[in-house]
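Novice: Shown below is the structure under consideration.
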């Protein structure tokens with residue numbers, strides 16, 4: 001027994017030793033398994049996001065095969081070799097612009113996942129002082145989302161930065177360039193649904209009915225019985241969805257629509273339905289779009305392969321750029337102007353960048369390279385193969401190239417894909433207007449947050465209905481699809497030119513690329529895009545003027561609003577009250593201090609606004625506590641909640657005057673469930689606590705509250721997790737770093753009790769004032785042009801800006817200020 005026990009003990013010891021030796025191997029194996037699972041999970045997540053991006057991002061680009069050849073050859077095909085040349089242009093256009101430029105270069109220039117012209121502008125504003133509203137402070141650069149790079153003083157990037165900052169007109173020129181690009185994106189959002197839910201997908205898809213029934217009119221003479229028409233259309237859609245009886249019964253019902261003049265009516269009904277669904281949000285409306293677009297790409301790709309095999313496989317020689325040269329040599333001026341139709345093959349690329357907030361760049365790149373790009377090449381090649389033997393079918397080449405056995409299912413999918421395509425552009429319009437609004441370039445409108453998971457998914461009701469009305473007007477006004485196509489091509493090429501110019505600055509100031517690399521990118525992009533631009537100029541009188549008129553209207557609105565905003569800010573800066581005047585009034589400010597807290601809203605981040613002196617000189621009383629509230633937007637995509645508020649004291653403590661600066665990014669929203677007032681007071685009370693702690697190590701009565709905690713607050717607070725704040729002080733009305741004079745421990749200890757008692761007294765005073773009532777004092781500043789001003793200035797200020805101010809949302813509505821707690825103080829100034 002003893003031997004057995006000893007052997008067992010030895011055996012157990014050996015087993016323990018083996019376990020210890022094997023433990024590192026087991027840990028390593030477990031780590032490798034976890035890495036494999038994480039990699040597998042991230043791969044599956046990437047695939048899912050790439051799949052979802054098809055429905056939101058690529059619907060516009062994917063429906064282009066509906067109308068490209070029709071607009072490229074509006075007068076018909078004279079030589080079958082022209083089809084090869086057009087296909088070669090399409091292939092290299094898709095390769096150079098969407099694939100190389102946007103998917104692999106421009107998408108990398110996102111602002112923390114945000115795309116669009118204003119996202120590029122915000123990146124530039126953080127690298128150079130080019131913001132036309134100078135309300136930024138150096139503390140804003142300390143935000144965690146305020147990424148800013150540095151470069152050598154004598155580098156080409158530094159010279160470019162100094163060149164931009166040298167004169168105000170250069171800053172204004174850059175802003176106008178960004179606004180022009182934004183206005184063209186808005187015009188894109190109007191023309192895309194009209195052009196058949198992103199170019200004339202609506203009209204082209206509805207026009208597919210005319211393949212079997214060419215007598216159907218394209219006019220806009222409306223039938224008298226609207227109810228019967230709508231019921232008939234609904235019946236047609238239901239029958240078309242049945243896989244067994246669609247080919248017989250659907251045609252019988254469509255025959256009833258012959259000579260009914262309903263093609264445009266169908267498009268208008270689809271548009272009204274599309275815009276009516278927007279209030280549900282992208283998350284709810286768009287979750288069904290991905291399978292539709294995926295099915296669409298697979299169908300057009302498969303049909304393309306079938307047509308290449310059936311009609312003419314020699315079209316694949318179009319991959320040689322030699323046929324582009326032959327095409328221009330043979331067509332000359334007509335070949336050059338046909339580039340306006342070729343341009344439509346890459347429309348939707350600009351929406352790809354504007355919709356970037358919804359998906360990571362890697363998911364967009366994966367979806368484009370694996371699904372979108374090859375399927376589009378096959379679709380265009382298949383149509384070209386069909387046209388090689390059927391040159392007289394160029395008007396409706398897409399529908400005629402569909403095999404007869406699957407015609408109606410493809411027709412239904414084409415209509416659904418056209419609707420999905422419009423969603424991408426509408427969502428992009430909402431996003432870019434929200435960015436413009438935050439940067440002071442668009443009137444205040446209601447912005448609805450439609451998703452709790454994705455902050456970038458928003459809905460703007462006013463813009464939605466304006467887009468719908470304009471889309472219907474364009475759809476009904478243009479009976480010819482080619483005219484809408486010309487208009488759309490003009491808008492797209494201008495957006496691409498603006499993006500190229502902004503990307504040149506991004507590569508210099510943000511990416512620090514060598515100037516040779518920047519020159520190569522800029523020259524190649526401008527050569528291609530200016531070539532397309534010169535072609536669309538020939539078609540200005542054929543519909544190309546429409547986006548220019550739309551963009552001009554929005555440009556006037558945006559620039560006049562920005563001009564008025566800048567002038568109001570400059571007026572407040574020049575007329576702000578000096579601290580000497582405030583101190584001269586004494587703690588009572590020369591008035592009766594009544595219980596309560598007055599929140600005075602101002603656009604100034606420093607100094608006492610003129611509206612305050614206007615208020616106290618006309619009223620005999622003021623609240624016991626006055627807080628100047630400044631809400632400002634920074635050129636960042638978001639400001640974290642714990643870094644949003646800056647609090648400081650104005651004057652001595654017995655004045656009970658504070659300033660609170662609330663900072664937002666262009667992605668942040670003021671939601672109804674956000675209690676702005678509560679958050680403001682929470683930060684104010686925290687400031688008072690830390691203010692009392694700093695009494696012993698400060699030589700000033702004025703403090704500031706920042707977004708991060710310093711060693712002082714950690715030393716005196718005893719718990720670094722209680723507040724994320726930083727104290728600093730300034731002898732005047734500015735912000736400076738805190739300085740603590742060397743003192744003995746006994747001094748700090750003796751002053752601790754007094755500081756604690758002072759803190760309690762002031763907190764009790766603030767709470768009693770808060771219980772007495774809070775009044776929100778808003779300035780209603782009216783701008784007027786001087787009598788000696790020029791006519792255009794009077795028109796802009798006295799009429800356009802005044803009208804925009806009248807119809808835009810008030811700040812009281814944005815911050816959910818109760819009407820019974822609101823006090824407006826009016827003043828007029830002349831510019």
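Note: Cβ is positioned from N, Cα and C throughout, glycine not excepted.
Please treat TrEMBL annotations as automatic predictions, because they have not gone through curation.
What TrEMBL records for 49-233, 261-582 is domain 'K+ potassium transporter integral membrane'. If you look up TrEMBL, you'll see 595-828 marked as domain 'K+ potassium transporter C-terminal'. If you look up TrEMBL, you'll see 41-59, 83-104, 172-195, 253-275, 287-309, 366-386, 406-433, 454-476, 488-509, 516-538, 581-601, 621-639 (among others) marked as transmembrane segment.
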Novice: Counting only CB pairs under 8 A, let me know which of 366-386, 406-433, 454-476, 488-509, 621-639 has the most with the transmembrane segment (287-309).
Specialist: 366-386
Novice: If contact means at least 3 Cβ pairs within less than 8 Å, sequence distance 6 or more, would you call the transmembrane segment (366-386) and the transmembrane segment (41-59) in contact?
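Specialist: By the criterion, they touch.
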Novice: Residue list, the transmembrane segment (172-195) vs rest of chain: Cβ under 8 Å, 6 or more residues beyond ends.
Specialist: 60, 67, 116-118, 120-121, 124, 130, 132, 164, 201-203, 267, 271, 274, 347-348, 350-351, 354, 421-422, 425-426, 428-429, 432-433, 436, 441, 467, 470-472, 474-475, 478, 481, 484-485, 487-488, 491-492, 494-495, 498-499, 501-502, 546-547, 550-552, 554-555, 558-559, 562
Novice: When you scan the chain for residues with a C-beta under 8 Å from the transmembrane segment (488-509), skipping those not six or more beyond its ends, what do you find?
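Specialist: Same-chain contacts beyond the ends: 97, 105-106, 109, 117, 120-121, 123-124, 127-128, 149, 151, 156-157, 160-161, 164, 177-178, 180-181, 184-185, 187-188, 191-192, 195, 199, 340-341, 343-344, 346-347, 349-350, 353, 515, 517-518, 521-522, 525-526, 529-530, 532-533, 536, 539-540, 544, 546-548, 551.
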Novice: Cβ under 8 Å, sequence separation of at least 6 from the ends of the transmembrane segment (83-104): give me the contacting residues as numbers and ranges.
Specialist: 61, 68-69, 72-73, 77, 315, 317-321, 323-324, 326-328, 330-331, 335, 338-339, 341-343, 345-346, 349, 352-353, 364-365, 368-369, 373, 376-377, 380-381, 384, 387-388, 391, 496, 524-525, 528-529
Novice: Please indicate, using numbers and ranges, the residues of the same chain that are 6 or more beyond the transmembrane segment (621-639) and have a C-beta under 8 Å from a C-beta there.
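Specialist: Contacts with the transmembrane segment (621-639): 111-114, 119, 121-123, 125-126, 131, 135-136, 140, 143, 145-146, 438-440, 455, 589, 591-605, 608-609, 612, 615, 650, 656-668, 680, 684, 765-766, 769, 772, 775, 811, 815.
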